[in-house]
Amino acid sequence: MKFLLRRFIALAAASSVVAAPSVSHLSLQDAANRRELLQDLVTWDQHSLFVRGERLMIFSGEFHPFRLPVPGLWFDVFQKITSLGFNAVSFYTDWGLMEGNPGHVVTDGIWSLDEFFTAASEAGIYLIARPGPYINAETSAGGIPGWVLRLKGIIRSNSEDYLRATDTYMATLGKIIAKAQITNGGPVILVQPENEYTTWPNVSESEFPTTMNKEVMAYAEKQLRDAGVVVPTVVNDNKNLGYFAPGTGLGETDLYGIDAYPMRYDCGNPYVWPTYRFPRDWQHTHRNHSPTTPFAIMEFQGGSGDGWGGVTEDGCAILVNNEAVRVVYKNNYGFGVGVFNIYMTYGGTNWGNLGYHGGYTSYDYGAAITEDRQIWREKYSEEKLQANFLKVSPAYLTATPGNGVNGSYTGNKDIAVTPLFGNGTTTNFYLVRHADFTSTGSVQYQLSVSTSVGNVTIPQLGGSLSLNGRDSKFHVTDYDVGEFNLIYSSAEIFTWAKGDNKKRVLVLYGGAGELHEFALPKHLPRPTVVDGSDVKMAKKGSAWVVQWEVTAQRRVLRAGKLEIHLLWRNDAYQHWVLELPAKQPIANYSSPSKETVLVKGGYLLRSACITNNKLHLTGDVNATTPLEVISAPKRFDGIVFNGQSLKSTRSKIGNLAATVRYQPPAISLPDLKRLDWKYLDSLPEISPDYSDEGWMSLTNTYTNNTRKFTGPTCLYADDYGYHGGSLIYRGHFKANGDESWVFLNTSGGVGFANSVWLNQTFLGSWTGSGNNMTYPRNISLPHELSPGKPYVFTVVIDHMGQDEEAPGTDAIKFPRGILDYALSGHEVSDLKWKMTGNLGGEQYQDSTRGPLNEGAMYAERRGYHLPNPPTSSWKSSSPINDGLTGAGIGFYATSFSLDLPEGYDIPLSFLFNNSASDARSGTSYRCQLFVNGYQFGKYVNDLGPQTNFPVPEGILNYNGVNYVAVSLWALEPQGALVGGLELVASTPILSAYRKPVPAPQPGWKPRRGAY
């Protein structure tokens, strides 16, 4: 067990990589020397963490509160993660969203973490805080605010301007995190400074980290410590090279962790598993890098992101599906991982332009919990089986990982077996998989192992074990089932539980058609079958041996006080392990000392308590569902589900049982095509009398950007405070009659588009691709211009978000906007440029919805995307029925009321389609979807792939009025028509989830200075 002890750091003198002044070595050493016995609630040894003195496997899921901007729904997600058997959540905070205006960190409304911490505590979830300042996370600029991109210093270096820029945010978030630490009764147990800080340009792996890099990490750590953070720090080294591990000096963290994505990201070919990142020796690398801390994987692939022109997140869910979870996650357990975080477990939404340019609105990520908070993906259930097994297997946490060798223990070279040997216990674990982990074939084998009754070859009663397709299995020997010894089991363990009167219930499972076998000591009574049939049983030496073939039929055996359930894997999916509340300070947090109930209960069970001799359950059902209490620590005489008493019966084996009746509710949703839509021209800039007097003049003759501009002034959007959504440029000149073409090189990120006009004449569009971040092109002018007459180019650019970056590359600074331009017959200085983005730029108008929610379009600048704008004077026109007859931008708005039944969780989404016969529905066009002011969809008709845009309750008012607006940007001369737009519901779920308080929805009011 290790406490946060004093660190004595030898600081070697070395030159800085960057020229700007660096932070003082002395101040960083002083900070390290003050880290003596900061707390004793979270400690560790080489095997695992201890929380309040109890050894815990930390099984964590990644969930970002900023991607679900309805605080009232955070508890729902936490409960679904708790029900997986997880006990922790890792979360990022996004500096770019919280300090979009320099010096003003927004921490109220949807940006407040108070409810996040409260909900985590109530759900029994410990938190791993990851405030950055750089987070990556497929966010625009990796979470770095746009104004920071203007700095001269290299981002993530020890440059004085960069470090000082982080101070206000890190001090603010540090104090918020400190207040929520376990030492203050909160849920935060670990904190991670920076993120994947493992490379630097022109620095080799052996030379990294340099003194400069160490200073950057140490500075972030000091910021957190100065703010009062005392819980252990942890690093996520995506190189697995020991960077910043304990004992490495300046910048070292308390715990060493890695992150890895071995399945990679090809969602278009999800059945092709890559092999070059599959880990085989992590137990050795960890022992070399950090032998005194538990093996921690701070990020491991739980899905994948998809990009513009991709295949949708469903392909990503297939890439990292239940089979991958069985094979690749179990491979990690073979290395003895003690802290395991799955990225993502709930992804959410890149609403309000918060994502980077490589992703679209959905951040579903193919995660175990879908974007609309559903848990129907099979990998949710597979993760539940694994997490619950590890939770009741304390011997795993102290076991010593062995080496996986093909043919060992089986004599079959097509099988790889990785042993974990009991360390202070008699329990051994054997992880079995195909030698070629990508294999989809079937192979038969026998397992020869040593047990307390001697060496045995399993199965003993004839036949063979099998691996069918992509699979991996945990076999155990001498496994402790609460004072009963399970001599061996080829079937996997879901869980075991303590019942009343010293009863123990063990749940084993396997795949359909598999043959399995387990053995019990012969001093127990001969096992008897009390439910099911077709079980073979014999005494072998000093053991009872039981064999069966897995079918959908449940089999239950009893041997004295031990009850064993033999299940088909898909039946095990329907079982839930719920920890009963305990006294403070444990309360709802997971603890090996707590009592549990085991219930078969369908779609979701959330919580349990025993009150007044009744078992009170909360949960969700999507069909009429039988409940059966498989195990409980005491007897009771009734079941209450979501507050309703159920008629109880007894099952065949005497368990208390009941049925939850499901009745689909009546749901009435508006037909968006039939609504009264109001229309506004949102590109008045191309009208002959438009004045851009209030626009930003682009007169900067310098830039700190590493890409130097070529004209007389810089045209980069970030240099003028515009960082997302969309951009509009206006280039003024006087004609001389020699104009025949204009050259424009524009940048908007992958998937971007642009449209260009000369006065009122449409010159064409770049409609975008899934590859181009920039696009240079010559555009022919359609007619001879009149000498001496003023003209103006209007250029609309879609801003898809900034890039992410590897440390030191400054890739996130790559400019958006116009990079280069030329006009035939003119010097470039003849054009005078103005531009706009969102109204106010960094002094953005809507602090409620954040700095990136709005773009440059006229309706957005005026705030008409917000509820209750002055639409009475707008003409009636529908994006679905009418659309646009030429290139341009239209803005459409409507309102409707919803009155959905309470007691049901009813996921809603807006679905775009091309069902219209009008040819304009097949043109290149782009839409933004605003729901009560929140931008919850960017739809690209000709590129895709996203057509379905979930919007959560709390953004949509399920019992009230909703304001919906759609911007329609037609990129082709024939115009555009939204071929179809529907509000659709998924299967309603009878649910115990709490109806959320709506997110703040301030409405329209006149904006000072709007143009």
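Cβ coordinates come from backbone N, Cα and C, glycine included.
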So which of N288, N745 shows up as N-linked glycosylation site in Swiss-Prot?
N745
Which single residue out of Y92, Y329, Y333, Y409 does Swiss-Prot record at the substrate site shared with N136, A137, E138, N195, Y261, Y365?
Y92
Select one residue from Y92, Y261, Y365: among these binding-site residues, choose the one with the most other Cβ atoms within 10 Å of its Cβ.
Y365
Pairwise CA distance, N202 (N-linked glycosylation site) versus E196 (active site, proton donor), rounded so that it is a whole Å:
17
Give me the non-local Cβ neighbours of N913 (N-linked glycosylation site): same chain, 6+ apart in sequence, Cβ-Cβ under 8 Å, ordered along the sequence.
T947, G979, G980, L981, E982
Just give me the nearest neighbour of N704 (N-linked glycosylation site) among the recorded positions N195, C316, N588, Cα to Cα.
N195
Of all the glycosylation sites given, N588, N622, N759, N772, which has the fewest Cβ neighbours within 10 Å once its own Cβ is left out?
N759
Pop the Cα-Cα gap between N745 (N-linked glycosylation site) and A137 (substrate binding site) into the table, whole Å please.
29
Nearest to Y92 (substrate binding site) in three-dimensional space, by Cα, is which of the recorded positions C267, E299, N772?
E299
Packing count at N745 (N-linked glycosylation site) (other Cβ atoms within 10 Å of its Cβ):
14
